[in-house]
Amino acid sequence: MDNYAVWGNPIKQSKSPQIHKIFAEQTKQCMEYKAILGDPEKFETELLRFFADGAKGCNITAPFKERAYSLADEYSERALTAEACNTLKRLQDGRLYADNTDGAGLVSDLERLGWLKSKQSLLIIGAGGATKGVLLPLLQAQQNITLCNRTLTKARDLADKFAPYGNIQAMKLSEIPVQKFDLVINATSLGLQGKTVDIEPEILRLAGAVYDMQYDKGKDTPFVAWAKALGVQNVHDGFGMLVGQAAHSFYLWRGIMPDIKPLLENDLI
């Protein structure tokens, strides 16, 4: 049986093992997928041991996406552009191949929701590894992006890096203008700590739609709950993005694209 896993910290909230179990059953693949709590002090050593022991691939979640990227030997274009990965695959010669399927998962979910329109104004909150993985696909979809972060330097560096691909500007979190954005995306991991983003509430009230890249299956994330409390009508968490990126990772590993509709339309997990 082929072994796979998702690495993160925290990790107990992850639904990835259940998702990939459903994918494996659906496509008749013989594989095992588990969740592993990564040790920040030993992450690289433990991950390399995981592959040395014969594992075929893994997903990477916060806070290890950039560190995992540095361990790879080959990269997809989207991983190279992001300089962060959420997927690793062990090649036949033992080398590691890095990909980033986050952007594909987000774009497919926004399209499913009908929230991805050309040349709309998009506010992204956070400039970490999760953001790096979605900027290229969003810019390729002709989004006009305002990227904000608590520290301006990090947002500016990222905006400068992606400027050749489309319209993107950087802004400090505390200086976001109170205006209507067609879509506001929370790309921070604050929800994992039970926290939400410190921005002017009116920005969410005015938004055409609000999307949280985090999820908490069975209940609202803090960001989603806050947006709903403010009266925002179009609000969604990142479960659809999770399922979408998982499907693209599964395809990279197994060579077959699973059907995500049963997971999104039925309460399977």
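Glycine is no exception: its Cβ is also placed from the backbone N, Cα and C atoms.
Database features (Swiss-Prot):
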type	residues	note
ACT_SITE	Lys65	active site, proton acceptor
BINDING	Ser14, Lys15, Ser16, Thr61, Asn86, Asp102, Tyr215	shikimate binding site
BINDING	Glu77, Gly126, Ala127, Gly128, Gly129, Ala130, Asn149, Arg150, Thr151, Leu152, Thr153, Lys154, Met213, Gly238	NADP(+) binding site
These are the binding-site residues: Asn149, Thr153. Which one scores highest on other Cβ atoms within 10 Å?
Asn149
Take the mean position of the Cβ atoms of Ser14, Lys15, Ser16, Thr61, Asn86, Asp102, Tyr215, the recorded shikimate site. Which other residues of that chain put their Cβ within 8 Å of it?
Val6, Gly8, Asn59, Leu242, Gln245, Ala246
Quick check for you: of the binding-site residues Ser14, Ser16, Asn86, Asp102, Ala127, Asn149, which have their Cα within 10 Å of the Cα of the residue listed as 'active site, proton acceptor'?
Asn86
Under DSSP, is Lys15 (shikimate binding site) helix, strand or coil?
coil
Which residues in the same chain, at least 6 apart in sequence, have a Cβ under 8 Å from the Cβ of Ser14 (shikimate binding site)?
Val6, Gly8, Ala35, Thr61
May I ask which of the binding-site residues Glu77, Gly129, Asn149, Thr151, Met213 is closest to Asn86 (shikimate binding site) if we compare their C-alpha atoms?
Gly129
Ten-angstrom check, please: count other Cβ atoms within 10 Å of the Cβ of Lys15 (shikimate binding site), all chains counted.
19
Counting all other Cβ atoms within 10 Å across every protein chain shown, which of the binding-site residues Glu77, Asp102 scores highest?
Asp102
Compile a sequence-ordered list of residues in the same chain as Gly129 (NADP(+) binding site), six or more apart from it, whose Cβ lies below 8 A from its Cβ; state 'none' when nothing qualifies.
Ala62, Pro63, Lys65, Glu66, Ala82, Ala84
Around the Cβ of Met213 (NADP(+) binding site), how many other Cβ atoms lie within 10 Å? Please give the count over every shown protein chain.
27
Using only C-alpha positions, which one of Ala127, Asn149, Thr151, Thr153 is spatially nearest Tyr215 (shikimate binding site)? These are the binding-site residues in the record.
Ala127
I need the CA-to-CA distance for Asn149 (NADP(+) binding site) versus Asp102 (shikimate binding site), whole Å please.
19
Top Cα neighbour of Met213 (NADP(+) binding site) in the set of binding-site residues Lys15, Ser16, Asp102:
Asp102
Taking just the CA atoms, what is the gap between Ser16 (shikimate binding site) and Thr153 (NADP(+) binding site) in Å?
33
